[in-house]
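Features of the protein shown, as given by Swiss-Prot:
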type: ACT_SITE; residues: 396; note: active site, nucleophile
type: BINDING; residues: 86, 92, 95, 169; note: [4Fe-4S] cluster binding site
type: BINDING; residues: 273, 302, 307, 323, 350, 370; note: S-adenosyl-L-methionine binding site
type: DOMAIN; residues: 15-73; note: domain 'TRAM'
type: REGION; residues: 1-21; note: region 'Disordered'
C-alpha cells in the first residue's frame, strides 16, 4: 500500500497555486535541490521532491518551457528521504538538502558537477573530499527584522525575503549556537531596534566574536552596555558604523585561526573559509596535489590572508601571493612575519586588470588560484604567458571553473585530477579543486 504524507509548507510569500493538484513521477534533481518531473512532455520543478518519488503537487508558476510547483503530498517516498534534523528546514532558506541522506547529497552534487565539467572529465575521474555533515559552520550572517514591535533574529526564508526567526541551527558550531541563543535573548530588550542592520557571528581559535553592522550611530552608553554583555559572555564584539568599510573594534583587534602548525591573523570582516575542518583537509589536499619543493616558485592568486600561501611556503623556494583587498594583504604580510617566513611576498593588485610587478618577472613554476564566483578569465592569458608547469584551481562556482579550464586546455594544458569538496553539507553548494598540467 502506498504511503501518503503531507510535508510542512513554507511561507505564504511564494506564488499561490494556479492549477489543479496533479500526480508526478520525479526522475531528477536540480542543483537547487528541486525535484524534476515531466507531465505531458513539459518539465516541472517541485521543491522538496526527490528522485524516485511519486508526489502530488500544484503548479504555482507556469512558464513557456517549464513550470514550478508546490509539493502537496508524497505518495511514494524515496528510500533516501530522511527526517530533517532542523525544525526550521521547511521555512529557512539556509539549507536545501536536509531531507536527503548524506551519502545521496554527495552523489547528487557529484552528478551535477560531472555535468558541468562534462567536456573535461569522465565519471571515474571525480574524487570526493568531505567531513562531518552538521555542526561545521564557524561563520554565520544573521538577519534582523522587527515584528510586532520585537526584534527578530534569523535567516531569510526559502525563495522569500521574509526573516525566519529560528531557535537552533544544526550546521552552526556548538559554540556559535550557544552565542546565537544568548544574542537572541539579549535582543529582546529592543535597545538596538532600527539601528542594527545585521550580525555576523564567527568562531576561530581565539574564541567567538560578533560583528554588529549598524545603520545609524548609537550612544556611547548603549555601546558600553553591549560591551559589558559581550565580556560576560566571552564574546569579542566589533562594531561597523554606517558607510565605513573597516570595522571599529570594540574589545579586540585582529582575530586568528590555526591551520596545522601555522597561525593566521585576519580582520573580522575578511574572508576565511567557514568550514574549519574542511579547510584543513582542502589545504592538505592542495599540498599533496601540487607537491611544492625547493625548486618551485609558486604564484598564489586571490590569496586572502595566506590560507594557501603559508603552507606552500613551508616547502617551496618562494611564494608570491596576490590579493585585491589591502587589509588582507597587510594581514598576509603579518602572518608571514609572525610565522617566521622569509620566502613569502605579497602584492595588492586587481586581477581583473593587467598586473605589472617585478616579482612576476622571475621564473614561476606553479600557480594556485582561488577566485571568487566570477572566476579568473581576465587573468588566464597572463597565467599562460607565465607558463607554469602546473595550475591548481580552487573554485566555488563550477560553471566558471568549466569555462576557465576549457580555455586553459585549449591553450596547452590538460586536466590531471578533480575533486568535489563538500564545504557546505546540507546545502546544494559545491566547491571544486582541479589540477592542470602543461602538455609537453
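A Cβ is built for glycine as well, from the same backbone N, Cα and C atoms used for every other residue.
Positions of Swiss-Prot features highlighted on the structure.
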residue : record                               : Cβ within 10 Å
86      : [4Fe-4S] cluster binding site        : 19
92      : [4Fe-4S] cluster binding site        : 22
95      : [4Fe-4S] cluster binding site        : 24
273     : S-adenosyl-L-methionine binding site : 20
302     : S-adenosyl-L-methionine binding site : 21
307     : S-adenosyl-L-methionine binding site : 26
323     : S-adenosyl-L-methionine binding site : 27
350     : S-adenosyl-L-methionine binding site : 12
370     : S-adenosyl-L-methionine binding site : 23
396     : active site, nucleophile             : 18
Q.
Through the lens of DSSP with three states only, how would you label residue 350 (S-adenosyl-L-methionine binding site)?
A. coil
Q) Looking at the recorded positions 86, 92, 95, 169, 396, which has the shortest Cα distance to residue 323 (S-adenosyl-L-methionine binding site)? A) 396
Q.
Using a Cβ cut-off under 8 Å and a sequence separation of 6 or more, which residues in the same chain sit near residue 169 ([4Fe-4S] cluster binding site)?
A. 86, 88, 94, 137, 140, 155, 176, 177, 180
Q: Using DSSP, break the domain 'TRAM' (15-73) down into helix, strand and coil residues and give each count.
A: 0 helix, 38 strand, 21 coil
Q: For residue 273 (S-adenosyl-L-methionine binding site) and residue 92 ([4Fe-4S] cluster binding site), determine the Cα separation and express it in whole Å.
A: 22
Q | Largest inter-residue Cα distance among 273, 302, 307, 323, 350, 370 [record-listed S-adenosyl-L-methionine binders, Å] | A | 21
Q) Could you state the CA-to-CA distance between residue 370 (S-adenosyl-L-methionine binding site) and residue 396 (active site, nucleophile) to the nearest Å? A) 8
Q: Please report how many Å separate the Cα atom of residue 92 ([4Fe-4S] cluster binding site) from that of the residue listed as 'active site, nucleophile', as a whole number.
A: 22
